[in-house]
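Undergrad: Before I ask anything, let me first share the structure, which is written out below as structure tokens.
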């Protein structure tokens with residue numbers, strides 16, 4: 001018997017995976033993804049240190065997200081995750097990477113529709129109350145920011161796509177091909193996605209609220225993927241969300257190297273960051289609703 005109608009598209013998306021979705025294959029695939037990602041990152045680091053050891057050593061010590069070039073490289077290196085998923089699908093499951101993206105024409109159509117919905121929602125949020133009352137500080141000079149913007153957008157797309165391909169692609173779809181209950185195939189990747197945002201050394205007492213925010217975001221993206229039957233909408237939402245947080249207004253102590261502005265508080269500032277997270281929770285839900293309207297699901 002088919003599952004509930006809202007997730008019928010997800011049933012069709014995962015059907016080809018079922019013959020080779022055994023748990024041992026899933027775990028082996030995850031291990032292979034991790035190994036490939038680690039090896040490629042080590043190779044990249046070795047190359048960078050060979051090219052200019054003083055610069056890249058200083059960048060690593062100071063935090064690779066706090067300057068434009070290191071942050072561009074760091075975000076671009078998320079492409080190694082996508083390569084790892086591609087290799088795991090081919091070697092362990094006998095499947096192709098485009099298969100977990102979903103049918104290409106509707107995926108691209110949904111991606112464009114959700115991008116437009118996000119831009120309209122962002123414009124509405126910007127002009128409607130409550131208004132921004134905290135003074136933003138200039139981070140990058142506007143001219144330099146504009147010159148970097150095409151490259152910045154590209155690497156943010158690489159980063160957002162890689163996370164969706166891993167969590168809502170490989171993990172969610174493999175588990176859905178094996179288990180009927182969304183409590184398994186939505187919850188497990190969401191928990192892992194959320195825990196990946198746990199940074200107590202940087203966020204201090206805000207570490208768990210940030211994990212909670214990431215969990216809600218991941219759960220809504222899981223639902224959106226299941227309704228859409230492609231990764232297009234989730235990649236679009238993730239891309240716009242990260243582009244806003246990394247390229248427009250960022251935190252002064254975390255991955256701000258490509259941002260035009262920074263807020264006057266850091267990740268560990270409990271009072272101000274938690275106020276911001278409350279607003280972000282509301283925006284995430286509005287984003288999910290707008291994306292659903294855009295894809296008519």
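Each Cβ is built from the backbone N, Cα and C atoms, and glycine gets one as well.
Among the features that TrEMBL reports, domain 'CAAX prenyl protease 2/Lysostaphin resistance protein A-like' is placed at 147-243. What TrEMBL lists as transmembrane segment is 26-51, 71-92, 113-131, 143-162, 174-195, 207-224, 231-252, 272-291.
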Undergrad: Under an 8 Å Cβ to Cβ limit, what residues of the same chain, 6 or more beyond the ends of the transmembrane segment (26-51), are close to it?
TA: 57, 73, 77, 80-81, 83-85, 87-89, 91-93, 166, 170-171, 174-175, 178
Undergrad: Quick one: average pLDDT across the domain 'CAAX prenyl protease 2/Lysostaphin resistance protein A-like' (147-243), no decimals.
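TA: A mean pLDDT of 95 is what the model gives the domain 'CAAX prenyl protease 2/Lysostaphin resistance protein A-like' (147-243).
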Undergrad: Taking helix as H, G and I and strand as E and B in DSSP, count the residues of the domain 'CAAX prenyl protease 2/Lysostaphin resistance protein A-like' (147-243) in helix, strand and coil.
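TA: Grouping H, G, I as helix and E, B as strand yields 86 helix, 0 strand, 11 coil.
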